[in-house]
Structures are given as structure tokens and as C-alpha cells.
Amino acid sequence: MTHTIKKMSLIGLILMIFTSVFGFANSPSAFYLMGYSAIPWYIFSALLFFIPFALMMAEMGSAYRKEEGGIYSWMNNSVGPRYAFIGTFMWFSSYVIWMVSTAAKIWVPFSTFVFGADMTQHWRIAGLEPTQVVGLLAVGWMILVTCVAARGINKIARITAVGGIAVMCLNLVLLLVSVAILLLNGGHFAQEINFTSSPNPGYHSGLAMLSFVVFAIFAYGGIEAVGGLVDKTEKPEKNFAKGIVFAAIVISIGYSLAIFLWGVSTNWQQILSNSAVNLGNITYILMSSLGTTLGNALNLSPEAAMTVGVWFARITGLSMFLAYTGAFFTLSYSPLKAIIQGTPKALWPAPMTTLNANGMPATAMWLQCVLVSLFILLVSFGGDTASAFYNKLTLMANVSMTLPYLFLALAFPFFKARQDLERPFVLFKTKASTLVATGVVVLVVTFANVFTIIQPVIEAGDWDSALWMIGGPIFFSLLAMAIYQNYSSRMSADPEWAAE
């Protein structure tokens with residue numbers, strides 16, 4: 001059957017990377033936190049983390065293009081199975097938690113599109129509280145996603161393409177409207193250009209700036225998720241590396257350019273110093289400001305300019321909903337594929353590794369859907385205790401999601417040392433360049449994770465959060481080691497069973 005399964009084009013792969021990595025909301029958040037002084041930190045994060053890490057992924061992906069297991073296969077073939085399983089299991093677990101939160105979050109942009117504002121806190125149906133209504137919608141969303149995704153990679157690629165196009169269109173609107181405003185206003189920027197100090201009084205201390213560096217580094221995360229799609233890509237020996245390199249360059253330039261353009265239409269002191277502005281609504285406030293400023297530049301009446309602003313916010317809501325949808329489809333399948341199809345089949349019950357007619361591990365996908373749905377219902381209907389439990393889960397996933405970058409970067413020199421691989425794409429041609437790139441990425445990711453853990457302690461003496469963040473990777477590692485040890489014991493007791 002496998003020869004009938006359609007593969008993804010280069011454009012499809014680029015759009016998938018774009019929806020997985022480029023969060024349109026990251027540039028408004030950066031402008032809100034740091035103004036123009038965010039740009040040097042974004043460039044720093046791209047040069048010292050994102051671009052070298054993306055190039056490592058491109059080399060590994062093109063060399064291991066026939067492997068089904070994504071990052072698990074890469075680490076397994078470079079270092080060893082136990083190392084690979086712990087890193088991949090930790091990464092997969094944190095994406096399950098990501099799905100729990102995002103399935104509920106996705107309704108905010110949807111509500112903004114339909115009603116012109118976030119009304120999710122006012123949704124009451126049949127005596128249910130808003131949190132419970134959103135929880136039920138999130139479960140329905142999970143079921144719909146799994147139902148469509150189980151029908152094949154082509155369905156996922158089509159949806160992520162729509163998401164990727166929506167994000168690109170938002171960026172295009174930002175670019176074209178900002179240029180139009182500049183021309184209409186005689187080249188005048190609403191925000192004074194200053195790359196060294198933040199207009200936000202809360203971001204003047206060294207500690208706050210370091211926390212922003214972490215924010216910038218994490219904005220570039222997610223490219224490893226497309227690793228599981230190498231074998232689903234057309235001509236992967238050429239297209240996979242091309243797709244990653246092209247997407248990495250566009251994303252790196254895109255973030256800094258987007259931050260720069262926000263200052264054309266929005267003055268930080270006038271619009272963003274209001275206490276009602278927060279990281280949850282900043283994207284819609286900035287897009288509304290962009291529309292209103294365009295209306296004013298075109299000499300429309302104040303009411304008409306405000307209406308333009310409201311419609312800009314609505315269109316942003318729709319585009320963000322589509323972008324979330326695209327990311328959700330990729331991330332509901334790719335991490336699961338790495339952990340199920342990459343690892344030895346004997347690790348899992350037989351139905352979990354069985355592929356349907358479309359080449360998808362449908363049973364495993366439905367089990368994941370049930371697990372995520374149970375978590376959502378527990379958090380939505382469990383009251384304060386469940387809410388506290390969810391906050392702790394999120395803290396546990398905080399570090400667990402990015403620690404696998406360390407596992408992957410540390411596996412890279414081992415991958416380069418192998419002499420038996422056909423390498424269609426090689427960028428790091430010397431041992432020195434390999435070690436420098438690995439060292440820089442490892443140092444940057446280690447700093448980001450260590451700082452994330454100690455920040456609550458330094459700022460508020462909050463040891464509880466710090467311990468939960470340390471506990472996450474430890475818990476997921478111990479669970480992975482227990483699963484792997486159980487497999488090893490059964491394998492040594494009955495080698496024939498393991499080979500089945």
C-alpha cells in the first residue's frame with residue numbers, strides 16, 4: 001500500500017515548518033515587552049541558536065531520509081537507543097501538555113473573529129461555566145483533529161498549508177499597510193527608533209533583559225518537530241534540507257522585520273502603557289492600531305478609522321485561528337510518529353504500532369486523543385485543585401519541551417563521526433565547525449533552561465515553581481527509563497519476541 005500514499009512537496013514542507021515555528025504573536029509580544037530593543041536579541045538568538053540548530057536538523061534529516069522515526073531515529077543512529085528514547089519521550093510528553101493548553105486557547109482568536117473581541121469568558125450554555133464550555137469545545141476540537149489527521153499526511157499537509165498561508169498573509173498585511181502608512185505620513189514612525197533601551201519600564205533591569213533573551217530563544221522552537229516528516233517528503237535528499245534552510249532564513253528575517261514594522265503604526269506610550277494590555281490580547285490591539293492608523297492616514301472619519309481597526313482585529317482572529325489549526329495538526333502527529341514508528345515495535349502493544357490504509361498509526365492517535373481529552377476535562381471541570389494541577393503540568397513541560405534540543409545538539413558530533421552514511425547535504429565540513437556549532441547551541445539552550453528555572457526564585461522567592469520545572473524532566477526521564485528497562489528485560493528474556 002505504501003507506494004500509493006502521496007508525499008509532501010517542497011512548498012508543503014516549508015509551509016509546515018512555517019506554521020510549526022513562526023508564531024505571529026511572538027513579534028507583537030516582543031514589541032510590547034521591549035519595543036525596538038527586542039530586535040538585537042532576536043538577531044542574537046537566530047545567529048547563536050536557531051540557524052545553527054536548523055542546519056544541524058537539515059544535515060541529519062537528509063542523511064536519515066529513509067527513517068520513519070524522526071528525531072528518535074536520528075539520536076538512536078548517532079548515540080544509542082536508550083539516549084534517544086529518553087530525549088524523544090520527554091519531548092513527546094511536553095507536546096501532549098501543549099495540546100491540552102492549545103486546544104482551549106484556540107477559541108480566543110476564533111471568538112475575536114466572530115464577535116470582534118475575546119468573549120470566551122462569557123460563554124455559558126446549559127448551566128455550564130465558561131471554562132467548562134471551552135473545555136467541551138476543546139475536546140470536540142481534539143476529536144475533529146484526530147479524525148482528519150488519521151486520514152493521511154496529505155490531509156495534514158493541506159490544513160497546515162492553509163495555516164502557513166494565513167500567517168504569511170498576516171505578515172504581508174503588516175508589511176504592505178505599514179509601508180502605505182509610512183508613505184502617507186511622509187516617512188514618520190509612530191514609535192521613536194531606539195535599539196538599546198525598552199520603552200517598557202518593567203524591562204530595564206538586567207534580570208528582565210535576560211528573561212527576554214529566553215523568550216526570544218523559545219520563539220524559534222519547533223523545527224525539530226518536522227523531523228518525522230522526512231520520509232513523507234518528495235525527493236527528501238534534496239527537498240528536506242532546502243525546505244529547512246529556506247524556512248530558517250525567512251523566519252529569522254521575518255521576526256526582526258515584523259518587530260520593526262509595529263513601530264510604524266503604534267506608539268508604545270500612547271497605546272501599550274494601558275494596564276488592560278497583556279500578552280494575551282497584544283496581537284489584536286496592535287493589529288487594531290494598524291487598521292486605525294491606516295484609516296487616519298487616509299483621512300477617514302474617526303468612526304470609520306475605528307471600524308477599519310475592528311476589522312483588522314477580526315481578520316487577525318481568523319488568521320491566528322487558522323495558524324493554530326495548522327500547528328495543531330502537525331504537532332498532533334509528528335511527535336507521536338517519532339515515538340511510535342521510530343522506536344522498536346516491541347516497546348508498545350501491537351495495535352499502537354499498526355498503520356491504517358493511509359499509513360497513519362490511527363490507534364495510537366486515538367489513544368493520544370483520549371489522553372489529551374481526559375486532561376482537558378479534568379482541568380475544565382475539576383475546579384481550583386485541577387487548575388493548580390494544570391499549572392504544575394505546564395511548569396513540568398516548560399523545560400521538558402526544550403531539553404531535547406540539547407539531546408539533539410549533543411548527538412550531532414556523534415552523527416558527524418559516522419563514516420557509513422550517504423550525506424546529500426553537508427554544511428559543517430570540518431570537525432572544528434561541528435564542535436563550535438554544537439558548543440554554541442548547547443550553551444545557549446542550557447542558559448535558557450537554567451535561567452527559566454531560577455527566574456521565579458530570584459524574582460519572587462518561588463521555589464515551588466522552580467522545583468516543579470526541575471521535576472518535569474526528571475519525572476519524564478524516569479518514566480521513559482522504566483518503559484525502556486521493561487522492554488530490555490523482556491527482550492533479554494525472549495529475544496525472538498522482541499524481533500517480531
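Even glycines carry a Cβ here, placed using N, Cα and C.
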Same membrane side for M8 and Y390 per Swiss-Prot: no
Paired segments the transmembrane segment (463-483) and the transmembrane segment (125-145) in contact, 3+ CB pairs under 8 A: no
Residue numbers, six or more beyond the limits of the transmembrane segment (125-145), whose CB comes under 8 Å of its CB atoms: 99, 103-104, 106-107, 328-329, 332, 369, 372-373, 376-377, 379-381
Positions whose Cβ lies under 8 angstroms from the transmembrane segment (164-184), at least six residues beyond its ends: 14-16, 18-19, 22, 24, 254, 257-258, 261-262, 264-265, 290-291, 293-294, 297-298, 312, 315-316, 318-320, 322-323, 326
Same-chain residues at least 6 beyond the ends of the topological domain 'Periplasmic' (265-308) whose Cβ lies under 8 Å from its Cβ atoms: 24-25, 28-29, 31-32, 35, 108, 112, 118, 173-174, 177-178, 180-181, 184-185, 190-191, 199-200, 315-317, 320
Leading contact stretch, 38-58, 210-230, 362-382, 434-454 vs the transmembrane segment (244-264) - CB distance under 8 Å: 38-58
Long-range neighbours of the transmembrane segment (210-230), counting only residues six or more past its ends (CB under 8 A): 8, 13, 16-17, 20-21, 23, 26, 29-30, 33-34, 38, 41-42, 44-46, 49-50, 53-54, 57, 60-62, 64-65, 67-71, 74, 91, 95, 153, 203, 236, 240, 244, 247-248, 251-252, 255, 327, 330-331, 333-335, 337-338, 341-342, 401-402, 404-405, 408, 444-445, 448, 451-452, 455
